[in-house]
Amino acid sequence: MLLKSLTRKIEKKYPLNLAEDWDNVGLIVGDFDMDVKKVLVSLEANEDVIDEAISKNIDLIVTHHPFIFGKINKINSADLKGRLIQKLIKNNVSLYSMHTNFDIAFDGLNDYFMEIMEFGNSKVLDVTKSENLYKLAVYVPHNYSDELRKVLSNSGAGHIGNYSDCTFSIEGEGQFKPLEGSNPFLGSVNDIETVNEVKIETVVPQKLLGGVISSMLDAHPYEEVAYDLYKLENKGEIFGLGRISKLDKSMTLESLSKKIKEKLNMKHIRVVGNLSTNITKVAVVTGAGSEFVKKAKRQGAEVLITGDVKYHEAQDALDIGMCIVDCGHFDTEDIFKNVMKRFLDEISEIEVIKSSVYLNPFSTI
């Protein structure tokens, strides 16, 4: 599969525009026209991971942490990053990163963490973006209205919450006069024609707008299709960092912490708060998310599960009666390899390998 075809499939599920403004996501190093047969997935790419990719004849490395974050002024062998970029290019290995767009998107890292922990019915903790919606109104002869509704719905229009095929229709008279050079479906050139028509209204998310309109124009019997398009003030699907969930059955902070420790296969875990605290609602931010303690509490959570918590942040949480389970940055995000391999296996026949390089910089003695 060509890399550009693979990235289109990835970005349909995990759009790059969901990423935070400061982030660096997408194809970092490589050629969109290269043929991809083997992929290596890893939390990040250091020299060991790149050497692993070369030794295993990998075409593409997919990472969570961006390979290039800050500004680069030089690419030369005296600089580590420059040397690694040269090594990737010389060995024809491309590198693609998906960071906060993967954190934010549905079925991304935060949702996968919730899945592992069996926390159901989760909602977004911190909304960062909402989808723009448009109202599409199209006029069609009565006899063709049912078919056009099907085309609109099959193209993705008319989805509202848990409902599909949502449209509103009203009948009326359409009037037009075909001019010289036209090829009218109904009526004659230079004669005014009046037709019983149906106005069909439906809602379309911005990301599907081009495809819906294209399908509508292809299916419509008229040479010139009359339709209106309005941008709506009400928003569609919301996206954001973190998740929050009400537990099916309450448990103590100690029991919850032990469950997390077991599910993530961790030897040690840091906990802030009284271990006997009854937990009914949990908030999760994979990676580093201690800044969301207050927001999680305002939304009713008794505990925030995250990583990279500092001493004073822990004290501040205690002061407001909030618990924290600090699993560490690495352990909440190394699961990226599992969920990314699962996704790539679903969308392609490409061989996908999880990196065997252990990337946690910390050791516990």
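Glycine too: its Cβ is placed from the backbone N, Cα and C atoms.
In the three-state DSSP assignment, the secondary structure recorded for His64 (divalent metal cation 2 binding site) is coil. Long-range Cβ contacts of His64 (divalent metal cation 2 binding site) within its own chain (separation 6+, distance under 8 Å): Ser42, Leu43, Glu44, Ser97, Met98, His99, Phe102, Leu109, Glu333, Phe336, Met340. For His64, the entry in TrEMBL reads divalent metal cation 2 binding site.
Residues or ranges marked as divalent metal cation 1 binding site in TrEMBL: His65, Asp103, His329, Glu333. Every protein chain shown contributes to the tally, and the Cβ of Asp103 (divalent metal cation 1 binding site) ends up with 28 other Cβ atoms within 10 Å.
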Env. residues of divalent metal cation 1 site, Cβ within 8 Å of mean position of His65, Asp103, His329, Glu333 Cβ: Leu43, His64, His99, Leu109, Thr286, Gly287, Ala288, Thr332, Phe336
Number of other Cβ atoms within 10 Å of the Cβ of Glu333 (divalent metal cation 1 binding site) across all protein chains: 24
Proximal but sequence-remote residues of the same chain as His65 (divalent metal cation 1 binding site) (Cβ under 8 Å, at least 6 apart): Leu43, Glu44, Ala45, Ser97, His99, Glu333
His329 (divalent metal cation 1 binding site) CB neighbourhood, other CB atoms within 10 A: 21
